[in-house]
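Student: Annotations for this protein, taken from TrEMBL, read as follows:
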{"type": "TRANSMEM", "residues": "147-165", "note": "transmembrane segment"}
{"type": "TRANSMEM", "residues": "172-191", "note": "transmembrane segment"}
{"type": "TRANSMEM", "residues": "197-219", "note": "transmembrane segment"}
{"type": "TRANSMEM", "residues": "231-253", "note": "transmembrane segment"}
{"type": "TRANSMEM", "residues": "277-295", "note": "transmembrane segment"}
{"type": "TRANSMEM", "residues": "393-416", "note": "transmembrane segment"}
{"type": "TRANSMEM", "residues": "428-446", "note": "transmembrane segment"}
{"type": "TRANSMEM", "residues": "452-470", "note": "transmembrane segment"}
{"type": "TRANSMEM", "residues": "486-517", "note": "transmembrane segment"}
{"type": "DOMAIN", "residues": "542-666", "note": "domain 'STAS'"}
Amino acid sequence: MRVIETIGPCSFRPIGTILLTSPHAPPLFAAAAYVMAEIRYSSPSVGDLSSFSATTPRPVKIIQLQHPTTSTTSTPASSSSSFFGRWRGKMKRMTWEEWIELFLPCYRWIRTYKWREYLQPDLMSGITVGVMLVPQSMSYAKLAGLHPIYGLYSGFVPIFVYAVFGSSRQLAIGPVALTSLLVSNVLGSIVDSSEPLYTELAILLALMVGVFECIMGLLRLGWLIRFISHSVISGFTTASAIVIALSQAKYFLGYEIERSSKIIPLAKSIILGADKFLWQPFVMGSIILAIILAMKHLGKSRKSLRFLRASGPLTAVVLGTTFAKVYHPSSISLVGEIPQGLPRFSVPKEFGHVQSLIPTTVLITGVAILESVGIAKALAAKNGYELDSNQELFGLGVANIVGSFFSVYPTTGSFSRSAVNHESGAKTGLSGVVMGIIMGCALQFLTPLFEYIPQCALAAIVISAVIGLVDYDEATFLWRVDKRDFLLWTITCTVTLLLGIEIGVLVGVGVSLAFVIHESANPHIAILGRLPGTTVYRNIQQYPEAYTYNGIVIVRIDAPIYFANISYIKDRLREYEIESDGSTRRGPEVTRVHFVIIEMAPTTYIDSSAVQAFKDLHQEYKSRNIQIAISNPNRDVLLTLTRSGVVDLIGREWYFVRVHDAVQVCLQHVQRLNESPGTQSSLLENKSSIFQRVLRQRQEEVSLSQLESGNREIDTSHLEPLLSKKA
């Protein structure tokens, strides 16, 4: 018979062999052999037989947690120095081509350009989007309260600059509806759109937006916009689309309406001016709008007709211009004279208004990050190349800065034009260069024809573009999936409609952050139970078949622990100590909780306030004879607990790699506390039962190791840790 002894909590070694020379050996000798085996299993030293009980629990098999030492404990200073060391090392390893790509992202596609494969689709997509851009740019300039020529300028210079400094190969930048509305809203409250100062402020705003985008890109601060949820953006764009459509109603109705970003003044002015209604522009605008929407629908639904989607705005302009040129209708207002030629270099002026334009600058930059960078990353993923969002933001900023010296108002990436560019097969930034060439040709040769474009045709182009921004499908989806996000969408949309764009965005962001703070301050905490036949512990609310153990509470904190949520966590732990969770319970019958096991695998961070709270909680539990056990803390959390002395305060032996390890140790202690001293049986009976238990325990250990290694085909009915069959 092999005799073993324990070396620590989870390893064993043989210490010798006892030979039974005869099957008829004296019972006393056999009993002595049994006794020796049991004593060596339970303790490295031989003790008095009378001190042994037949119910001595077997040693538990656990994985040792590696506690950090002084050598592995890093300081913030060393972490920052290692960060800069890695950064310097990365800079030294960069080749000259990588340096060129860093400052000129266009070099990435230029050096790998496949002329036979890429040239034709780039030319076709550039021509398609360029034809779409010419009428759209004039329409969006009118929406911004500017002369149409500034829309053409904004669709010309920034495209070439972005083709050099932008990292996206399919993004089509230029004037967009949402940015145009923001420009109109803020500048209209400062000066009348008919005054030259209005145009100067729009150009200055482009410079400020470009500088702000470059700063955020260089400092890699694009992550700040992540705090604005998709529900806020969807609600904001839906409300903005409704306001934009109503603001274009004056070109359909034939009379002026109040310039406002609020729906009530717009609706009121439309109703009050109903006696000035003209049917001619309304009929013409409605027909052109129907044609554009029909062409867009056919282009989306049939791949063979997808060219119709891009040619819709051009068709509207051609039809409207032809009608106006032939019939000269006096009741339909026209665009009027447009200067011919390319934009000239000029320095932005009116820097005295910089302070009043800062809020709008921040808002337009936010829209640029959310819309442009989001579209660019999605297109990059579809086309199989990587895109740095901060470098993309820097490219947009440079395009606006350079453009401001050529009479450009703020530009950004367009969702609709970028989608058409991608669907048309654009492979590289050359398609953007082709767009710019088409825009330059329009400025140089076609502006005399633009004089006869009906204003209702441009309004129809704007309305057709913003109809897609009214995201009712998103609202329906949010109602089904998450009522809280639907509430956020509703609040943002309603406030934007009633109180204006700036207030709507601020309220939406504020409510969104309030939800984030509430979730962070009230994290999810789950009571864990053991899934039958496994060593896996899961939330008993999600897995009702999971069972818990008497005298032990196992909780999992699914969030970082810091000053804002530590009070909530402490309150919940006290509740779990008192209230019953209603799950199936097993184990020794005890009247109260003796152990609280905290699973910290989801906890990524713990601050000084939480450390102090852990110390207070330990003292509070200690006064009630309750022991805390910590399971699976990550390295950073364990370092913080070690530096603060919490590890030594609770006890290093109460830190475990797995929840199951902690449960085994705690169950052993609970069983000892629950057992009452029994009368000793005869020596021979004790020795016989001891030998049987040794053999049974070895079999259980082998079976348990098989179970924990993933073998689910073994019989697990007897593998409840440290529990007798009665339990």
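Cβ atoms here come from the backbone N, Cα and C positions, even for glycine.
Just so you know, TrEMBL annotations are computer predictions that nobody has curated.
I would like each feature placed in context: is it buried or exposed, what are its neighbours, and how far apart are things?
Tutor: Within its own chain, the transmembrane segment (147-165) is flanked in space by residues 104-106, 133-134, 136-141, 171, 173-175, 199, 202, 206, 335, 338-339, 342-343, 394-396, 398-400, 402-403, 406-409, 411, 429-430, 432-433, 435-436, 439-440, 442-443, 447, 450, 458, which lie at least six positions past its ends and keep a Cβ under 8 Å from the stretch.
For the transmembrane segment (231-253), the list of distant contacts is 143, 177-178, 181, 184, 259-263, 266-267, 270, 273, 276-278, 281-282, 285-286, 333, 370, 455-456, 458-459, 462-463, 466-467, 469-472, 474-475, 478, 485-486, 488-494, 496-497, 501, 504-505, 508-509, 511-512: same-chain residues at least six beyond its ends, Cβ to Cβ under 8 Å.
Long-range Cβ contacts of the transmembrane segment (277-295) within its own chain (Cβ-Cβ under 8 Å, at least 6 residues beyond either end) map to 251-255, 308-309, 311-313, 315-316, 319-320, 323, 329, 331-333, 454-457, 459-461, 463-464, 467.
Within the chain carrying the transmembrane segment (393-416), a Cβ under 8 angstroms from the stretch's Cβ atoms is held by residues 105, 136, 141, 144, 146, 150, 153-159, 161-162, 165-168, 171-176, 179-180, 182-183, 199, 202-207, 209-218, 222, 343-348, 364, 367-369, 371-373, 375-376, 465, 468, all 6 or more beyond its ends.
Only residues 6 or more beyond the boundaries of the transmembrane segment (452-470), in the same chain, are considered here, and those with a CB under 8 A from a CB of the stretch are 135-136, 138-140, 142-143, 148, 177-178, 237-238, 240-242, 244-245, 248-249, 251-252, 281-282, 284-286, 288-289, 292-293, 296, 312-313, 316-317, 319-321, 323-325, 332-335, 416.
Away from its own ends, the transmembrane segment (486-517) comes close to residues 181-182, 185-186, 227-229, 231-232, 234-236, 238-240, 242-243, 261-264, 359-360, 363, 366, 474-475, 478-479, 564 of its chain (Cβ-Cβ under 8 Å, at least six residues beyond either end).
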Student: Using DSSP, what's the helix, strand and coil tally for the domain 'STAS' (542-666)?
Tutor: 55 helix, 26 strand, 44 coil
Student: Any residues 6+ beyond the ends of the transmembrane segment (172-191) with a Cβ under 8 Å from its own?
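Tutor: Same-chain contacts beyond the flanks: 129, 133, 136-137, 140-141, 143-146, 151, 154-155, 158-159, 162, 166, 197-198, 201-202, 205, 237, 240-241, 243-244, 247, 259, 261, 353, 356-357, 359-360, 363-364, 367-368, 371-372, 396, 399, 409-415, 417-418, 420-421, 432, 435, 462, 465-466, 469, 500-502.
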